[in-house]
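Enquirer: Pasting the relevant annotations from Swiss-Prot:
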BINDING   Ser10, Thr45, Gln46, Asp224  substrate binding site
BINDING   Asp112, Ala144, Glu149, Lys182, Arg209, Pro210, Leu211, Val212  ATP binding site
Amino acid sequence: MMKNILAIQSHVVYGHAGNSAAEFPMRRLGANVWPLNTVQFSNHTQYGKWTGCVMPPSHLTEIVQGIAAIDKLHTCDAVLSGYLGSAEQGEHILGIVRQVKAANPQAKYFCDPVMGHPEKGCIVAPGVAEFHVRHGLPASDIIAPNLVELEILCEHPVNNVEEAVLAARELIAQGPQIVLVKHLARAGYSRDRFEMLLVTADEAWHISRPLVDFGMRQPVGVGDVTSGLLLVKLLQGATLQEALEHVTAAVYEIMVTTKAMQEYELQVVAAQDRIANPEHYFSATKL
């Protein structure tokens with residue numbers, strides 16, 4: 001059965017971020033994606049200028065009411081949320097999650113708690129971080145913080161892999177069954193590798209791949225693609241190890257393709273066959 005995912009995050013008309021980054025790779029792995037956009041911008045904000053608007057929170061609810069009105073909400077297998085334009089949007093998204101789970105009790109909520117990257121110029125609206133700590137985290141089935149977001153969610157520093165696993169389990173005690181630490185950064189084993197963790201109450205998997213050097217301008221949307229692909233693989237029945245290994249390889253293929261084409265925006269269309277069938281392989285290690 002094809003899986004249906006309601007993906008609620010940002011949208012850019014030019015380039016790739018949020019749904020504009022994740023939607024196509026998720027479809028390429030065989031999932032139906034229902035993109036619902038929290039913002040519509042001309043381009044992502046790290047260009048330093050952009051046009052567009054943040055959607056009113058009620059818009060999100062209205063769209064989902066429309067899907068419910070044609071009696072299709074029960075076919076939704078998961079809700080994915082990413083970049084929020086406001087904390088109020090978050091409240092509406094949790095209402096949507098409750099509505100989807102009422103229609104399909106098997107449905108999952110995957111929260112990508114985007115809280116900004118100060119060094120990358122990514123900023124979020126006031127109250128969004130607090131929303132994720134107080135409401136998004138306990139409501140989620142799967143949550144995917146980077147290292148900075150993990151520290152905000154668990155409310156203490158995380159300095160190494162062992163502490164990251166323990167921090168992930170602190171989050172699990174509050175709601176989610178699965179935590180993806182989607183970028184270990186300085187808490188990883190190695191400074192010259194890109195490392196991730198996938199943690200449950202009784203399993204922890206670590207994986208690393210080479211960093212792809214883009215100099216000063218790192219592509220945007222890597223985390224959005226990572227979260228979306230992991231959700232698809234898990235819904236399709238992959239084990240934690242299989243899901244982590246495929247996603248790591250697929251994202252690496254996108255990065256390598258983007259670098260080879262000397263582009264700044266992720267080249268998800270050019271890399272599409274390698275997203276489905278990666279040529280590289282990275283092995284996850286059980287901790």
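Placement of Cβ uses the backbone N, Cα and C atoms for every residue, glycine included.
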Enquirer: Going by DSSP, is Glu149 (ATP binding site) sitting in a helix, a strand, or coil?
Expert: helix
Enquirer: Do me a favour and check the Cα-Cα span between Asp224 (substrate binding site) and Asp112 (ATP binding site); whole Å is fine.
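Expert: If we compare the Cα positions of Asp224 (substrate binding site) and Asp112 (ATP binding site), the gap is 8 Å.
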Enquirer: Three-state secondary structure of Gln46 (substrate binding site) from DSSP?
Expert: helix
Enquirer: Looking only at C-alpha atoms, tell me how far Leu211 (ATP binding site) is from Gln46 (substrate binding site), rounded to the nearest Å.
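Expert: Checking the Cα atoms of Leu211 (ATP binding site) and Gln46 (substrate binding site) gives a distance of 20 Å.
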Enquirer: Suppose we draw a 10 Å sphere around the Cβ of Ser10 (substrate binding site). How many other Cβ atoms does it contain, all chains included?
Expert: 26
Enquirer: Of Ser10, Thr45, Gln46, which is closest to Ala144 (ATP binding site) if I measure between C-alpha atoms? They're all binding-site residues.
Expert: Ser10
Enquirer: Which of the listed binding-site residues (Ala144, Val212) has the least company, meaning the fewest other Cβ atoms within 10 Å of its Cβ?
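Expert: Per-residue Cβ counts within 10 Å for the binding-site residues Ala144, Val212 bottom out at Val212.
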Enquirer: What is the separation, in Å, between the Cα atoms of Lys182 (ATP binding site) and Ser10 (substrate binding site)?
Expert: 19
Enquirer: Round to a whole number and give the Cα-to-Cα distance in Å for the pair Ser10 (substrate binding site) and Arg209 (ATP binding site).
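Expert: About 27 Å separate the Cα atoms of these two residues.
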Enquirer: List the residues of the same chain that sit at least 6 positions away from Glu149 (ATP binding site) in sequence and have their Cβ under 8 Å from its Cβ, in sequence order, or write 'none'.
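Expert: Counting only residues 6 or more apart in sequence, the Cβ neighbours of Glu149 (ATP binding site) under 8 Å are Pro113, Val114, Met115, His132.
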